[in-house]
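What follows is a single structure, written as structure tokens, with notes after it.
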């Protein structure tokens, strides 16, 4: 993996990632394809919205279809017919989500399969082996996602376990498996600055190809998330990609880019599309509102997606009211293209030296003031 920093405006960075299956321009948003498919999308649809990289999930693909099937296809790329880069989450967050169904020990995590209730064991080494079979361009370490809220003592204990697991991930990925694909560390520590420092410094000692901010978008208030983003990205290596996991709303992505983050993923655009909530240049359209019954306009006149070029809001309203699956499909195409256009717009603005104007326009269209952002002296 190679990362080049091509430009900067304040803390916002313009970069380029060269991976096994292609080049990724940053800032970038990665559509989530948990089970080897982005919900409601054909692989060609994902190409049409100009996604550069997608995300798969180790935990779910391990449980179903299982490694044997994916091995027979020579990896995840051929299995799902996607020839561009893939990042796979290690499964740590999904295990965290199981709550009482899991037991965490030094060796790893034992849990009941949400599919059939059978006992499953996942460890740093097993996570690395799964991701090796998947042949992910970017492999994430197996960690424990610190819950919110957590006391200082709980968050510290959790991050220290994650650091010990991170060491094991690196050793297995590099030394045992000889995996040439990129391996990213994940910074934990909850909402505590000293613990975020401890986690980051521990990961830097081990050494990774990129660094992710974990443990956000887990129920904390937005102000807490912004506090972490004010503080942490600028302390992360300037010559390595920075990835904010599981975030989020368009405003959150803009604010994170302003603070120096490069990579994002979130289920929000796909999940919202299935509920008739569509992101547009001026904010949000809730298509089930009866005011759209006779609306002859496109969903977003500024959008170049298949949905906006071909269908009216009235038609989308009709599909939603009838419960047609096409509503979710067209909405997903639009929402994911919106997120691609958002990050494209930021890349262009960073290339052209107009990033501040981009941010001003983004908020002005929503009738909002631009929030404050740290400025380096």
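Note that Cβ sites are derived from N, Cα and C of the backbone, with glycine treated the same way.
Bear in mind that the values here come from a model prediction, so they are computed numbers and not experimental data.
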Name the residue, out of 174, 238, 334, that Swiss-Prot lists for the same Zn(2+) site as 303, 305, 308, please. 334
Per Swiss-Prot: substrate is bound by 89, 90, 91, 92, 93, 143, 188, and from 40, 117, 215, 219 the site also lists 215
According to Swiss-Prot, which listed range is region 'RNA binding': 270-274, 275-279, 280-284? 270-274
Stretch carrying region 'RNA binding' according to Swiss-Prot (options 246-252, 253-259, 260-266): 246-252
Among the binding-site residues listed here (303, 305), identify the one with the smallest other-Cβ count within 10 Å. 303
For residue 92 (substrate binding site), which of the recorded positions 265, 303, 305, 334 has the nearest Cα in space? 265
Residue counts in helix (H, G, I), strand (E, B) and coil for the region 'RNA binding' (246-252), per DSSP? 3 helix, 0 strand, 4 coil
Please give the substrate site's span as the largest CA-CA distance among 89, 90, 91, 92, 93, 143, 188, 215, to the nearest whole angstrom. 15
Of the recorded positions 90, 91, 93, 265, which one has its Cα closest to the Cα of residue 334 (Zn(2+) binding site)? 265
Listed in sequence order, residues with CB under 8 A of residue 215 (substrate binding site) and six or more positions away: 145, 146, 148, 187, 188, 189, 190
Residues sitting within 8 A of the centre of the 303, 305, 308, 334 CB atoms (Zn(2+) site), not counting those, run 298, 299, 300, 304, 306, 307, 309, 333, 337, 338
